[in-house]
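First the structure, in the form of C-alpha cells, and then the observations on it.
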Amino acid sequence: MSENKDHVVVGYTEKPVGERPTGGKFLGYDHLHFWVGNAKQAAGWYTSRFGFEYYAYKGLETGSREVATHVVRNKQGVTLAFSTPYGNDKDNQREMNQHQSLHGDGVKDVAFAVEDCHSIYNKAIQRGAKCAYPPQDLKDEHGSVTIAAVHTYGEVIHTFIQRNDYKGFFMPGFVAHPLKDPLNNVLPDISYNYVDHIVGNQPDNMMTSAADWYEKTLDFHRFWSVDDSMIHTEFSSLRSIVMTDYDQKIKMPINEPADGKRKSQIQEYIDFYAGPGVQHIALNTSDVINTVEGLRARGVEFLSIPTSYYDNLRKALTAQTSITVKEDLDVLQKNHILVDYDEKGYLLQIFTKPVEDRPTLFYEIIQRNNHQGFGAGNFKSLFVSLELEQEKRGNLTEIVKNIY
C-alpha cells in the first residue's frame, strides 16, 4: 500500500500472482506502431525532438508499393514505427486512411515481445479475442520472425512478436534506414531505458470491461488501481486500473472519466480521438533531470506545475522520515518535475503537452527509485495543469446532463 502527501491510498501487487500461466512468457514491449499522415516527417520529428535515431525503412525503394514505414529507436532499444499509405486503392490503404481521417495520428499497435507467439495467440483466440491477423512466419536472409495480432480496445491491436534470434533490421523486408539526423550530433543526447507503461483511455463505464479483457484473454492481472474518490479536482475526476502480465514486464493502465462539473482531460481525449485509444506513453530514465533538460533544449514542451505544489511538497517531505529525495528540489521545481513517494521509495515524473494538433497523445518521462506506483499523489496537481491547458483550448466545458 502507498500513502502520500495528499493522503491518497492505493494498492499495487509487488509480486506475481498465483501460478504461472501455461504457454510462453511476455518478454516486454517490442515496439509501438503509429499510423500517421506523413511517416517520414513523423520519424524526423521524433529524432530531432526526442533524440531517437533512424533505424529501419520499408518503402518504394525496397519494393513496398502500398505502405511506407520509417522506424526509429534509441541506443537502449526503445523502438517506434511510423507508417503511411501511398494511395487508397488497396484494402489496407483504405483502412489506414480511414483511421487517419477519424483519429488523426495515433498508436495503432502496441506490440509485445513474446516467447511463444502461437501459444499466446491461440489461447487469446480461444478465450474470445478477435483476430487481427493469424500467426505467420516472416523470413529473409537474416532469419525469421513469427507474428500474430489480436484486437484490444478501440481500434488498437496487440501484435505478438517472436523474434527467433532475428539478426536483421526490425523485421524481414526492412533495410537499414538511409537517413541520419545531423541534429543528434549537436543536440543533447537523450537516454530512455525502456517503455515503462502505456496508458489507454476508455469512455465512461468501459474501463472495467477493458481491464477484464486483459485478464481473460492474456492472463494479465490487476497491478494497481485508483478511483474517483481519490483522484479528482473541483471540476473533473478519473478512475484507473493497471493491468500487467505474470512477470510484470508489461504494464497497461486503463483510464476512464468519472462524473464531474466539467469535461475531464480523459473525455477530451475520447472526443478528439473519436473513441478509445492510447493516451500516453511513459519512458523510463535513470536521470529525469538531465533527460528533461535535454528534451527542452530539443524543443519538447512540458506541462507547468504551480509553485504551491513544491511548497506543499517541501512541508510533506520534512514531516516524514521514511525516504529522502536525493535530487535538489529547487532543480525539480525549475523543471516542473513531480515527486510521489511511499515508505519504500519515490518516483519523479513529468508530462509533455500533446504532441499532435488534436489534444490526444502525450508522453511521460519517469524515474523510479524503489517505487512501483504511478504517481497517484500527483494526479490532482497534474489534472489542474491539464485543465489549464484544456481551458486555453476552449475544452474545459460544463457537462450538461440529460435529465430525461
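Each residue, glycine too, has its Cβ placed from N, Cα and C.
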Same Fe cation site per Swiss-Prot - residue from H118, H142, H151, H280 joining H197, E364:
H280
In the same chain, outside H197, H280, E364, whose C-beta lies within 8 angstroms of the Cβ mean position for the Fe cation site?
D196, I198, V199, P253, Q279, I281, A282, L283, F351, Y363, I366
Once the chains shown are all counted, how many other Cβ atoms turn up within 10 Å of the Cβ of E364 (Fe cation binding site)?
22
Average model confidence [pLDDT] within the domain 'VOC 2' (194-353):
90
Count of other CB atoms lying within 10 Å of the CB belonging to H197 (Fe cation binding site):
21
Surrounding CB atoms that lie within 10 Å of the CB of H280 (Fe cation binding site), all protein chains:
22
